[in-house]
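Encoded as structure tokens, the structure appears first; notes follow it.
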Amino acid sequence: MTNMRKSHPLIKIVNHSFIDLPTPSNISAWWNFGSLLGVCLGLQILTGLFLAMHYTADTTTAFSSVTHICRDVNYGWLIRYMHANGASMFFIFLYFHIGRGIYYGSYTFMDTWNIGILLLFAVMATAFMGYVLPWGQMSFWGATVITNLLSAIPYIGLTLVEWIWGGFSVDKATLTRFFAFHFILPFIITAMVMIHLLFLHETGSNNPSGMNSDSDKIPFHPYYTIKDILGVLFMMIALMSLVMFSPDLLGDPDNYTPANPLNTPPHIKPEWYFLFAYAILRSIPNKLGGVLALAFSILILMLFPILHLSKQRSMSFRPLSQCLMWMLVANLMILTWIGGQPVEYPFIIIGQLASVTYFFTILILMPSTALMENKLLKW
């Protein structure tokens with residue numbers, strides 16, 4: 001008699017995805033982030049569900065309802081801070097996951113990569129709308145500034161912005177619809193994750209060498225299940241340390257002031273994980289140009305498969321490309337720092353230089369270095 005996990009229609013799918021999945025024997029800890037992102041998503045949906053039970057999406061009571069969650073609901077403070085800091089963990093892992101994909105050439109799995117980029121956009125949209133919900137000063141002004149960027153779109157811009165707002169400013173209608181979208185998007189993300197995995201399992205995982213690993217595969221369980229559990233353990237230690245000891249470390253103090261349309265905060269800025277894109281947006285002194293640069297800073301990921309000119313898939317054996325990769329990482333850190341600084345000298349010029357370097361590295365330096373490496377290896 002066949003084992004139930006191999007014959008049952010539903011359990012069979014789980015078996016082929018997480019138990020008997022043939023996996024390269026040499027994948028490193030950089031391959032842990034997929035499962036960590038899955039755990040993060042589950043955690044966010046769970047904590048978010050409990051928060052939604054006590055939250056009210058109304059401009060007059062939203063701020064007080066969050067205060068009520070933290071003060072009166074049993075372990076409400078824990079749920080709230082796990083949700084807020086869980087989002088930060090989510091983005092840390094997302095950026096590591098994408099960085100891993102770039103370093104090891106995983107973007108050659110075109111379907112998986114493109115669905116991944118769509119997932120990134122969906123997660124960014126969800127996080128942005130979630131930041132608006134507590135209805136603090138930074139929530140309100142962040143929503144106003146970011147939605148207002150759409151008015152840069154020629155001809156339909158203004159109509160589009162007012163349509164999103166549901167009025168002539170960010171108000172009750174905006175908050176209600178943002179809550180509705182913030183609630184539904186994680187479930188859409190979950191469905192997209194399944195498609196992401198479906199495409200990945202069509203080809204099988206990449207590995208650090210970038211070479212075909214069909215001749216050396218091992219079952220996912222128990223080898224990688226135990227490795228993933230260790231990753232989850234480290235993640236939970238990091239997350240709970242953050243939640244218990246400094247829950248507001250990554251937040252903005254301005255968001256502890258209720259939203260006031262008559263009082264603008266001195267520095268309007270998004271959460272830390274959007275600062276690199278915000279710096280690119282601010283580095284161009286033209287509204288439409290800034291919006292296009294902002295969009296392209298993420299959309300540029302779609303060009304990686306086209307810009308891959310090396311004969312080798314992975315960067316493991318390409319020291320020059322490795323230098324550029326780490327230069328890009330340092331550049332993104334500089335952009336993140338600049339995004340949180342006021343718009344004044346010398347931050348303006350540093351931001352502009354870092355933005356130019358970001359695009360120049362990806363579009364010109366990396367492909368030309370790949371060609372040079374081919375030449376050096378007489379390929």
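Each Cβ is built from the backbone N, Cα and C atoms, and glycine gets one as well.
As written in Swiss-Prot, here are the features:
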TRANSMEM  33-53  transmembrane segment
TRANSMEM  77-98  transmembrane segment
BINDING   HIS83, HIS182  heme b b562 binding site
BINDING   HIS97, HIS196  heme b b566 binding site
TRANSMEM  113-133  transmembrane segment
TRANSMEM  178-198  transmembrane segment
BINDING   HIS201  ubiquinone binding site
TRANSMEM  226-246  transmembrane segment
TRANSMEM  288-308  transmembrane segment
TRANSMEM  320-340  transmembrane segment
TRANSMEM  347-367  transmembrane segment
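Annotated features taken from Swiss-Prot, shown on the structure.
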{"residue": "HIS83", "record": "heme b b562 binding site", "Cβ contacts under 8 Å, 6 or more apart": "GLN44, THR47, GLY48, LEU51"}
{"residue": "HIS97", "record": "heme b b566 binding site", "Cβ contacts under 8 Å, 6 or more apart": "PHE33, GLY34, LEU37"}
{"residue": "HIS182", "record": "heme b b562 binding site", "Cβ contacts under 8 Å, 6 or more apart": "GLY48, THR126, MET129, GLY130, LEU133"}
{"residue": "HIS196", "record": "heme b b566 binding site", "Cβ contacts under 8 Å, 6 or more apart": "THR112, ILE115, GLY116, LEU119"}
{"residue": "HIS201", "record": "ubiquinone binding site", "Cβ contacts under 8 Å, 6 or more apart": "HIS16, SER17, LEU21"}
Task: Report, as numbers and ranges, which residues of the same chain sit near the transmembrane segment (288-308): CB under 8 Å and 6 or more residues beyond its ends.
output: 98, 102, 105, 107-108, 110, 113-114, 117, 120-121, 124, 149-150, 152-154, 276-278, 280-282, 355, 358-359, 362-363, 366-367, 370
- line: For the transmembrane segment (226-246), the candidate among 77-98, 178-198, 320-340, 347-367 having the most Cβ pairs under 8 Å is 77-98
- prompt: In which DSSP state, out of helix, strand and coil, do we find HIS196 (heme b b566 binding site)?
  reply: helix
Query: Restricting to the same chain and to residues at least six past its boundaries, which positions have a Cβ under 8 Å from a Cβ of the transmembrane segment (320-340)?
result: 99, 102-103, 269-270, 272, 274-280, 282, 310, 347, 350-351, 354-355, 357-358, 361-362, 365-366, 369-370, 372-373
